[in-house]
Amino acid sequence: MANVVVVGTQWGDEGKGKIVDWLSEQADVVVRYQGGHNAGHTLVINGISYKLSLLPSGVVRGKLSVIGNGVVVDPHHFVSELKKLRDQGVEITPKVLRVAENASLILSVHRDLDAARENGISGLTIGTTKRGIGPAYEDKVGRRSIRMIDLAETNTLMAKIERLLRHHNALRRGMGIAEIDPKTLYDELMQVADEILPFMDCTWRLLDERHRMGQRILFEGAQGASLDNDFGTYPYVTSSNTVSGQAFIGSGMGPGSVHYVLGIAKAYTTRVGEGPFPTEQVNDVGEFLGMRGNEFGVVTGRKRRCGWFDAVLVRQMVKICSVRGIALTKLDVLDGLDEIKICIGYEIDGRKIDYLPSCIEEQARVKPIYETLEGWKEATACTLNWEELPVQAIKYVRRIEELIGVPIALLSTSPEREDTIFIIDPFAD
């Protein structure tokens with residue numbers, strides 16, 4: 001049975017939530033494999049908006065949903081998000097939601113450190129959500145994390161907290177921040193331990209069992225591949241690997257378990273926070289895209305930067321992630337434009353290149369090379385059939401396919417999950 005990885009191919013906010021929700025109808029299991037509660041999904045179901053930032057999208061559909069070991073989990077946010085969804089009428093029990101026992105936790109010390117750095121102590125503003133994601137991953141790599149399973153081992157938890165705070169209190173002293181007493185952190189964790197522990201499981205075994213049963217597994221990525229810690233616009237990236245390969249490490253399933261990688265891309269480009277953005281439009285076009293596309297962050301409410309579709313960037317991530325097909329979203333936002341531009345290459349220091357360099361200084365110097373296409377006046381919003389799209393919209397989509405080297409598998413024409421043109425089935429064996 002085919003399993004599918006969904007990965008963003010831009011800087012996040014590509015519309016993965018809707019696509020994952022749409023695909024989850026065919027899936028038996030939905031897995032989050034990286035990130036934390038710093039990236040949000042908005043699902044619109046029967047006119048009701050559900051905002052998720054930590055829980056997998058499958059929980060809203062009653063599918064078995066797994067938070068894998070590659071995710072850093074804020075236990076207090078977990079409880080809060082759970083309550084909000086339950087208040088909206090979503091039934092969530094340990095039968096449909098499981099959390100990896102070896103997932104690392106986000107604590108208040110991580111949020112403190114994240115905020116202190118972002119507020120200027122480090123001298124580098126990345127544009128993080130200040131939710132402690134980066135510091136939590138630092139502790140994971142530094143082998144001092146408090147993990148889910150530690151909440152169940154109360155006789156050794158205090159010793160682990162003390163070891164963690166030997167590192168954090170030294171940092172806090174250097175930054176002029178008051179030190180944290182181990183008992184304070186212990187009490188914070190005990191406040192929510194009884195609420196989160198029933199969801200804990202050895203999830204790699206659970207996923208292996210479901211795979212052997214022939215169930216379809218959908219791996220849900222957060223953010224976008226261009227924010228990847230290795231392959232993104234470093235240092236203006238997130239703290240985890242967001243490319244498709246992380247699905248294996250962050251879930252405990254091997255590469256042989258995945259049969260299709262579906263990339264998600266907007267019909268234009270957006271970015272939140274700092275960092276290079278070659279096709280950004282700081283003009284009327286950017287304002288048009290932002291207002292028409294309602295480009296404000298789900299988690300932070302921050303206004304997103306907007307620009308033309310960057311085929312160079314998407315093609316690069318298609319190759320790195322082994323993407324076989326693209327779900328193109330928000331085509332309807334482009335309705336009414338007289339002309340639409342696509343970036344087909346870059347120019348830097350007088351020479352042409354067909355990739356985004358790794359050097360941040362070079363990334364800032366690249367100039368986009370545009371191809372201009374005729375726009376369309378007809379509405380694509382809510383279109384359900386390929387044949388009903390305006391001729392120029394079809395030409396635009398076909399040109400994107402040519403430039404990025406893979407076909408468009410799904411085409412989204414509104415936030416509603418039903419408004420999706422189905423071209424290729426990612427779950428087909």
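The backbone N, Cα and C atoms fix where each Cβ goes, glycine too.
Among the candidates THR154, THR156, THR233, THR238, the residue that Swiss-Prot annotates alongside ASP13, GLU14, GLY15, LYS16, ASN38, ALA39, GLY40, HIS41, THR129, ARG143, GLN223, ARG302 as binding IMP is THR238.
Of all the binding-site residues in the record (ASN38, GLY40, LYS303, ARG304), the one with the smallest CA separation from GLY15 (GTP binding site) is GLY40. When secondary structure is read from DSSP and collapsed to three states, GLN223 (IMP binding site) falls in the coil class. The separation of GLN223 (IMP binding site) from ASP13 (Mg(2+) binding site), Cα to Cα, is 7 Å. In this record, IMP is bound by ASP13, GLU14, GLY15, LYS16, ASN38, ALA39, GLY40, HIS41, THR129, ARG143, GLN223, THR238, ARG302; the longest C-alpha to C-alpha distance in that set is 34 Å.
For ARG302 (IMP binding site), the nearest neighbour among the listed binding-site residues (THR42, LEU331, THR413), judged by C-alpha distance, is THR42.
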